[in-house]
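Colleague: According to TrEMBL:
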REGION    74-105  region 'Disordered'
COMPBIAS  77-88  compositional bias 'Polar residues'
COMPBIAS  89-105  compositional bias 'Basic and acidic residues'
DOMAIN    143-170  domain 'C3H1-type'
ZN_FING   143-170  zinc finger
DOMAIN    186-245  domain 'Tudor'
REGION    242-265  region 'Disordered'
COMPBIAS  246-256  compositional bias 'Low complexity'
DOMAIN    295-341  domain 'G-patch'
COILED    431-458  coiled coil
Amino acid sequence: MDEDLLQQSVEQYKEQFLQIQTVLQTTGEDGQDELVKLRDDLVELIHVSEESLLSLKKSRLLQLLDNYEEQGLRTDFPSNLDDSTSSNADRENDTESLDDKDLEGLGVTEHHNAMVFDAETVDLPDGKEETKVRVLFMNPTHKSMVPCPYFLDSKCRFDDDACRYSHGHVLSVEDLMPFKEPDFSQVQCDQSCLARYDDGVWYKATIQSIDHDAHTFVIHYDTYNSDATLGIDEILPLDQRDSENVSDSDLSSSSSDSEESRLTKDIDEEEIAVVRLSWKPSGGPVCLGEWEQHTKGIGSKLMVKMGYIFGKGLGKDGSGIVEPVETIVLPQGKSLDKIAELRENNKLPKLGRKKRQRAAKVKNVKLPVEASSTSGDIFDFINTKLGGKRGNIHDISRVPVPGTSASDFEVKEIGKKKKGDDKNINWNIQLFKTQEEISAVKKQLKKEETALGRHEEKDAKTASHFRQKVTAIKAHLSRLHEREKDIQQKLHHKKNHRKLTVF
C-alpha cells in the first residue's frame, strides 16, 4: 500500500475511534458489547497500521541513503537544527526532487534542559585525554531519557546501553550551553508547553487556564487528549521557536506502546497497560524476597529461572510491584463502613501488635515477682552475711574435662556455635548481597581513581587524600572477594554433601 494511502487510512481509523468513543461515553458500555469489540479492533488496527507506516518510512530512508552512497555523496547530519550553510546547496537541490516529501532520520542534535551529574576523563585515540561531563535530562521527552533511579543510588545492575532508562548522556564541555531560566511571568492561555505525565515523560501540551494565586495550570495533553492540573514545577513554557522544534512525532515515539494507551487514556486508564516507572523508594519497609533469609530461597530460584531480575518490577515488562503487598487483617464482624472509619482514623489492627502487647504485659508482670523472690531468698541473705557467692548450675556444666585446657574448650564451644549458626544462614542470599556490595564498591573505586588521576598533578594534598581512599577501598574490595570465595566454597561443600547423603 502507498504511504499516503496508509496515512489517510490511519487518520480515518482514528476518526472512527473517536466517534465510537463518544457514543460509549454518552450511553455507557453496558449492553454495547459490539461497539466495545469494534473499538478494541480499531485500536489494534491503528497500532498495526502505524507500524506498517513506520516500516515504509524506514525502507524509503534506507533507499535514499543507498542512492547517496552510489552517487559518491557524503551526507553529514547537522549538529544544530537552525544552522544552514552554503555548502548544503547541492543537497537541497537533491531533496527538492523527492516530491516535497518529509524525511525523518536519526543523528539530529537537540538541546534539552539538563544538569551536570559528573565529570569524566576519556582517553582519545591519539593518546590524549579529554574531559567530558555526564548530564541528566531535567525535562525528558522520551522514556529512554528518564533518569534511572537505581543508577542514582549506584544500585543499577545494567550497563549504560542495557538499561531501558537513562544513566546520563556524556558529551564535551564545548557542547554545553547556558541554562535558560523559564519565564513564567509571560505565560498566557493557549500557549504551548511541555508538561510532565504520570510516566515521568514530558509531553507537548497547551495551557488552558492559569490560577495565579495557587500557582497551578490547567493544561491539555495534545498526545493523550486529556486535561490535568499541574504545579509550576511540572510544566515548561515554550516559545514559538521551541514549539516548532518539539514535534509531535518526536514526542509520540517515547515508547512503543504509548500510542495504544494514548487513544484510551480518557476512558479507562487500566484498559490497556502503560509501562510505568518501576523504582524502589529509599527507606522502604521490606524488599521483595528479603524474607527468604529465613527459608531455603526456593521461590527466588524459581523466579530467576523464569527470567526475573532482582530490583525490577514483576511482570513481562517489569512494570509490576517492587515491594511486597502488606497484609492487613480486618476485624471480624465489622461492616465495610466501620472498617472504612477505622482505616481513616488509623485504628486498623496490625500484625504482631497483640503479640507485642502480650509480651510487654508478661515482662511487666515477671519483673516484680523476680524482684520479690530475690529480696526474700534466705540463702542469698546467708551468702551475703558470710561473704559467699551464689553458684550457677550452668557454670558447672561448662567446666572443661580433665586433660584439656580451657582454651581448647572455648575453641570447641565457638566451633559449635558457628556450626549451628551456619545451618540457619541462606548462603545464596549472602552470596547475592556480597556480589551487590562488590559491584557498588567497584563503582566507587572507579570514581575515586578518576578523581585521583584528575588531582595527581594539580594538588598534592588532595591527591594524597584520594590515594588513601583508593587504598582503603581496594582493601575492602579484597576482603569482599575473599568473603565471596568463602561463600562459594560453602555452597559447593553443601551441594556435594547433599549428593553424598542421597542413597
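Backbone N, Cα and C atoms are what each Cβ position is placed from, and that goes for glycine too.
Automated prediction, rather than curation, is the source of TrEMBL annotations.
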Colleague: Who are the long-range neighbours of the coiled coil (431-458) in its own chain, taking Cβ under 8 Å and residues 6 or more past its ends?
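Modeller: The answer is 118-121, 154-155, 157, 310, 466-467, 469-470, 473-474, 476-477, 480-481, 483-484, 487-488, 491.
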Colleague: For the domain 'C3H1-type' (143-170), how many residues does DSSP put in helix, in strand and in coil?
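Modeller: The composition, in the requested order, is 7 helix, 4 strand, 17 coil.
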Colleague: With DSSP, how much of the domain 'Tudor' (186-245) is helix, how much strand and how much coil, in residues?
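Modeller: Tallying H, G and I as helix, E and B as strand, the rest coil: 10 helix, 30 strand, 20 coil.
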Colleague: Give me the DSSP three-state residue breakdown of the domain 'G-patch' (295-341), ordered helix, strand, coil.
Modeller: 14 helix, 0 strand, 33 coil
